[in-house]
Amino acid sequence: MASSHIILPKEEEEEVKLEGDHDSPAERPFQALAGEGAPGAGSKTALPFSATCVRISRDSYPNLRALRNASAASIHDDDAAFVKLDEGDYGYVLDDVQHFSDYIPDLPTFPNPLQDHPAYSTVKQYFVNADDTVPEKVVIQKNSQRGVHFRRAGPRQRVYFDSEEVKACIVTCGGLCPGLNTVIRELVCGLSHMYNVSEIFGIQNGYKGFYSSNYLPMTPKSVNDIHKRGGTVLGTSRGGHDTKKIVDNIQDRGINQVYIIGGDGTQKGAYEIFKEIRRRGLKVAVAGIPKTIDNDIAVIDKSFGFDTAVEEAQRAINAAHVEASSAENGIGLVKLMGRYSGFIAMYATLASRDVDCCLIPESPFYLEGPGGLLEYIDRRLKENNHMVIVVAEGAGQDLIAQSIPAADQQDASGNKLLLDVGLWLTHKIKDYCKSKKMEMTIKYIDPTYMIRAIPSNASDNVYCTLLAHSAIHGAMAGYSFTVGMVNGRHAYIPFHRVTSTRNKVRITDRMWARLLSSTNQPSFLSQKDIDEAREADKAANNKEKEDKKKQSASVFANGEK
């Protein structure tokens, strides 16, 4: 009996195909698995969880769609064929990733070279169990359903590549971020040292490098010291994504493992590359490693480089505090990165404890009037004689647009070009103090490009290593995915889950309350804003329960027909 891997069908398809377990030969019976070395092998033993998964037919397709909604994934119709959901007991749902066996039948497997590796041979239970999964949510109530899970990352006992046939390539896209070179280094060294791969190439200058430049051969020796430098040795760019040209080049050069490092836009590109690879029936694994200094990638705990960015932001905040406290009515204004999400600003403020006001995109603010920012600045200067303000680059864009008309423009990645909120605030504060005939000195510090260009710190170096190794293990096992840490465990996440939405600061969460308590700043929110935010959070939290009720009713209705 094989596990039931549910692949969401297109509307015209009549049934869902059952497929074998990805981590062991499909024909191997579970009785044999249970009997090997198990006490009481002759008696009845519990089957692996995958054996208890429920087969879901086309009649249940609307229910699976409800499950997708419950997990906050926005799936387009053309993505339905690439979504896999396994359902088990007590509301368990595995949001699975794509695998070679989904579209290429009867592929041979090979013993994992790690079982003979001297560094790993003594590790107890080094290989990941086929049924290991990671829950998306770990805080639940007594009667809660088990909820959505992701496939656990790590080495499998059987792999789908012979080491000698692997031809891997690595590409970096989008903006810079601390840790890029560390990920590149660990991908090269991990492939070479763990799996004895000899053909590894770097794609230069982002996606366009697939079809516009020569591939750069990479060896452990050539990347030995690159983790000590910022930036990326491969170069990077925005845009340049041409799916057909890229896959044509991958096919022509015989590449069978593609490692793509970049943000949500880059991961969308990786998803399109995989879909084209699958349409052509190519044996090519696509592994995405999410990168964003803003920490706005959905599902994962954090992105690499974030800890380094927060640490480096402290230097700018400390400098602003020194400048402000050394002058009469001194103000230090620091702009940090955060186009849509204010995580860097929030965590840097909490870590510093010298900040008097933190402004982020998720929390609207206003300038004039009672309870406004300018009134708070006036009061703070009278109390302390100085103050420090931290603002994320995406904050206050609606206010700037009202005073500085500008046409909406986008960069090559499709991101909206932002107006300089730091410079705008500086002028507004100066005008306000001038109108009040108040002597004031303001120092504006913009360290954004300095922060993203530095090497990663020790914590991020370790994280980058684990991400790279998890990506390698998954690709060797035949999966295509985005890798990330979910609730402290590394997992393989479907592309659509990390590209369908952004991770944002929840202003109704206790972390934001801690910040307000630390800075003593007003929330700048009206009661209406607070009520709307709470209702939005409540709606998101209750959606899963509502959809599960609808699912149960639909299952019953289908059963009556």
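Cβ coordinates come from backbone N, Cα and C, glycine included.
Curation plays no part in TrEMBL annotations; they are all automatic predictions.
Taken from TrEMBL, the feature region 'Disordered' applies to 1-42 (among others).
Among the features that TrEMBL reports, compositional bias 'Basic and acidic residues' is placed at 17-26 (among others).
Mean pLDDT, taken over the domain 'Phosphofructokinase' (168-473), works out to 93 on the 0 to 100 scale. As annotated by TrEMBL, domain 'Phosphofructokinase' applies to 168-473.
Among the features that TrEMBL reports, ATP binding site is placed at Gly175, Arg238, Gly239, Gly263, Asp264, Gly265, Thr266.
Per TrEMBL, the feature site 'Important for substrate specificity' maps to Gly265.
Look at TrEMBL and you will find Thr292, Ile293, Asp294, Met337, Gly338, Arg339, Glu393, Tyr449, Met450, Ile451, Arg452 tagged as substrate binding site. Sequence-distant neighbours of Met450 (substrate binding site) (same chain, 6+ apart, CB under 8 A from its CB) are Glu312, Ala316.
What TrEMBL lists as active site, proton acceptor is Asp294.
As annotated by TrEMBL, compositional bias 'Basic and acidic residues' applies to 535-550 (among others).
Marked as region 'Disordered' by TrEMBL: 535-561 (among others).
With every protein chain in view, the residue among the binding-site residues Gly239, Gly265, Gly338 whose Cβ has the most Cβ partners within 10 Å turns out to be Gly338. When the binding-site residues Thr292, Gly338, Glu393, Arg452 are compared by Cα distance to Arg238 (ATP binding site), the shortest distance belongs to Thr292. In this structure the alpha carbons, written CA, of Thr292 (substrate binding site) and Gly263 (ATP binding site) are 5 Å apart.
Rounded to a whole number, the distance between the Cα atoms of Gly338 (substrate binding site) and Gly263 (ATP binding site) is 13 Å. Cβ-based neighbour count (10 Å, all protein chains) for Asp264 (ATP binding site) stands at 25.
Of all the binding-site residues in the record (Gly175, Asp264, Gly265, Thr266), the one with the smallest CA separation from Arg452 (substrate binding site) is Gly175. For Gly175 (ATP binding site) paired with Glu393 (substrate binding site), the C-alpha to C-alpha distance reads 15 Å.
Looking at the residues that bind ATP per the record, Gly175, Arg238, Gly239, Gly263, Asp264, Gly265, Thr266, the two CA atoms farthest apart are separated by 13 Å.
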